[in-house]
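**Q** Got a structure here, written out as structure tokens. Questions coming.
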Amino acid sequence: MDPTTFVLFGATGDLAKRKIYPALYNLFVRGKLPQPFSVIGLGRREWSDEFFRASVEQSLRKFSRSEANDAGLLHRFLQAFRYSVLDIGREEDYRKLLELVERREAELRMPPNRLFYLSVGPEYFETIAANIQSSGLGSANGWKRLVIEKPFGHDLASARELNRKLSESFAEEEIYRIDHYLGKPVVQRLESLQQANPVIQAMWTNRYISNVQITAAESVGVEERAGYYDHVGALRDMFQNHMLQLLMMTAIHLPHESSPEKVRFKKKRVMEALLPVLKEDVRLSVVRGQYAAGSIGGKPVVGYTSEPGIAPDSANDTFIAARLLIENNDWRGVPFYIRTGKRMKEKSTRIVVEFKEPVKQAATGKENGIAPNLLVIEIGPDESIKLRLNTKDAGPDGGFKPVQVELFESPKDSPEAYENLIGDALNGNATFFAHWDEVELSWQWVQPVLDAFAENLVPLHKYEAGSYGPAESAALLAQDGNCWWFDQEEPQSKSESEKGERYAYHANY
Ligand SMILES: NC(=O)C1=CN([C@@H]2O[C@H](COP(=O)(O)OP(=O)(O)OC[C@H]3O[C@@H](n4cnc5c(N)ncnc54)[C@H](OP(=O)(O)O)[C@@H]3O)[C@@H](O)[C@H]2O)C=CC1
Ligand SMILES: O=C1O[C@H](COP(=O)(O)O)[C@@H](O)[C@H](O)[C@H]1O
């Protein structure tokens, strides 16, 4: 790994404390930081180097998974940290920054490889990128990389404009767009799941797969982010980025030998094949919801419009469910159902691949207990990949029962998403960052949905906090004869007898 200067805009902010410093420390503890390594933190606050280091140390004690009480280790880690006051709009501050960066590079005898991490609001991205270029920070004789946080644009037009501006200062291969779902350990394993298992690879088509369900349910509400969330909603906050990335990662087919370029090319192909939805038809395949009062874990919680900072008449979406279709030879006819929402029954991010049921038809006689084979990919908070198969009890009257094959269970110290992603960015590996093509194609799919919401063409369904979302979400799948797996409520599709079977299967789970 090349010696690197890590220039952090927003070093005094929440994300830096909660995610970035713990990730850097974990990388350091695992011996995965480059040597030498220099960190320059930036913010408007008039902090000294010592105050900055104390603040980083405090955040490690609070948020790091690695023990931060080895004084020697901590001291060596913090040695790398310097702070400089910088107002994003003030050009002279960038010149001062350049002097500091160069001084540290000389002290540490390191080449000018610079990673600029923008942990600030998106309204600052363009200005920072332009100032990096004009100040000379970005034109030294080493590499430069720009890591940016979401959101990338507010809609298709603003995303395109932002990309145009950034590309005046950074080439596409220098831009690392963070989508922290791509850093989650299980998501990073999807690639090798196919590559290492020809059986799964062979079955990864519409010939064997009935439908795919991608859920990111959260039990938290809007928390302290009313100002941000009420302008964004579940569609922009989760669906346009994380959920569509999960769809791409699930739908790609990878050759045995894959490279970052191949992965991204295949993801782009998936997005290009996604059947566009017309604004007038959005309501047929998209369900929009907003939580009402209810209870979570036995405690009463208020509805969205009673949350502090939310307008009492807000029509913002806190829940989305959608059916998407991929028009290519591999996936034609296989619905991909996606749902995400706040204040749902439990925190759970998972992908369920439901296989078709030829097995069921082939099994003669008793069908009692038979359920479709499933591949269940738990992304968080549990991390595992399990394949559910059916087996038959011995003896003439034996019924079928599900068994599960564990393909992956996360080790206790599996790295956190930010650790994976920052490590990759330092290594120059862009596989798990969102390429502009993917971002643009995602916004392209989402734009008619945004338009339909804005024109109120899609009803806003209230759902009780602590539920699995509005009933219309289950009805969306029921139209195709499907139901969401692992919801504890009774599935609302298929015949009564099949419901019974599925219920039994859930109970056995
Ligand atoms: N917090 C989170 O969990 C997540 C955040 N994000 C994204 O990360 C980014 C940062 O979020 P977060 O840390 O929560 O935000 P905060 O509001 O906590 O921090 C903002 C940071 O930006 C700095 N800043 C703001 N204005 C200026 C300015 N004019 N000049 C210099 N520095 C400035 C602040 O420094 P100072 O006050 O010292 O000037 C502060 O360090 C946002 O884009 C957010 O959307 C993404 C995912 C999750
Ligand atoms: O990006 C975001 O993600 C979180 C959920 O992330 P997870 O890793 O806990 O699943 C979400 O709460 C937040 O609203 C959104 O901005």
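Note: Cβ is positioned from N, Cα and C throughout, glycine not excepted.
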**Q** According to TrEMBL, HIS180, LYS184, GLU218, LYS342, LYS347 bind substrate; which one of ASP155, ASP237 is listed for that same site?
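**A** Checking ASP155, ASP237 against TrEMBL: the substrate site match is ASP237.
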**Q** For the NADP(+) site that TrEMBL assigns to GLY10, ALA11, THR12, GLY13, ASP14, LEU15, ALA16, LYS17, ASP87, ILE88, LYS150, which of the candidates ARG44, ARG53, ARG61, ARG114 is also assigned?
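**A** TrEMBL lists GLY10, ALA11, THR12, GLY13, ASP14, LEU15, ALA16, LYS17, ASP87, ILE88, LYS150 binding NADP(+), and from ARG44, ARG53, ARG61, ARG114 it also lists ARG44.
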**Q** What is the separation, in Å, between the Cα atoms of GLU218 (substrate binding site) and HIS242 (active site, proton acceptor)?
**A** 14
**Q** Rank the recorded positions HIS180, LYS184, HIS242, LYS342, LYS347 by the number of other Cβ atoms within 10 Å of each Cβ, and give the residue at the low end.
**A** LYS347
**Q** Do any residues at least six apart in sequence from ASP237 (substrate binding site), in the same chain, have a Cβ closer than 8 Å to its Cβ, and if so which, in order?
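**A** Those within reach of ASP237 (substrate binding site), by Cβ under 8 Å and sequence separation of 6 or more, are PRO151, TYR229.
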**Q** Any idea what the Cα distance is from LYS184 (substrate binding site) over to HIS242 (active site, proton acceptor), rounded to a whole Å?
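**A** Each residue's Cα considered, LYS184 (substrate binding site) and HIS242 (active site, proton acceptor) end up 11 Å apart.
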**Q** Quick check for the class: what is the C-alpha distance, in angstrom and rounded, between HIS242 (active site, proton acceptor) and HIS180 (substrate binding site)?
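**A** Taking the Cα atoms only, HIS242 (active site, proton acceptor) lies 8 Å from HIS180 (substrate binding site).
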**Q** Three states by DSSP: which one describes LYS342 (substrate binding site)?
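**A** Assignment for LYS342 (substrate binding site) reads coil.
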**Q** Using a 10 Å radius around its CB, how many other CB atoms surround GLU218 (substrate binding site)?
**A** 18
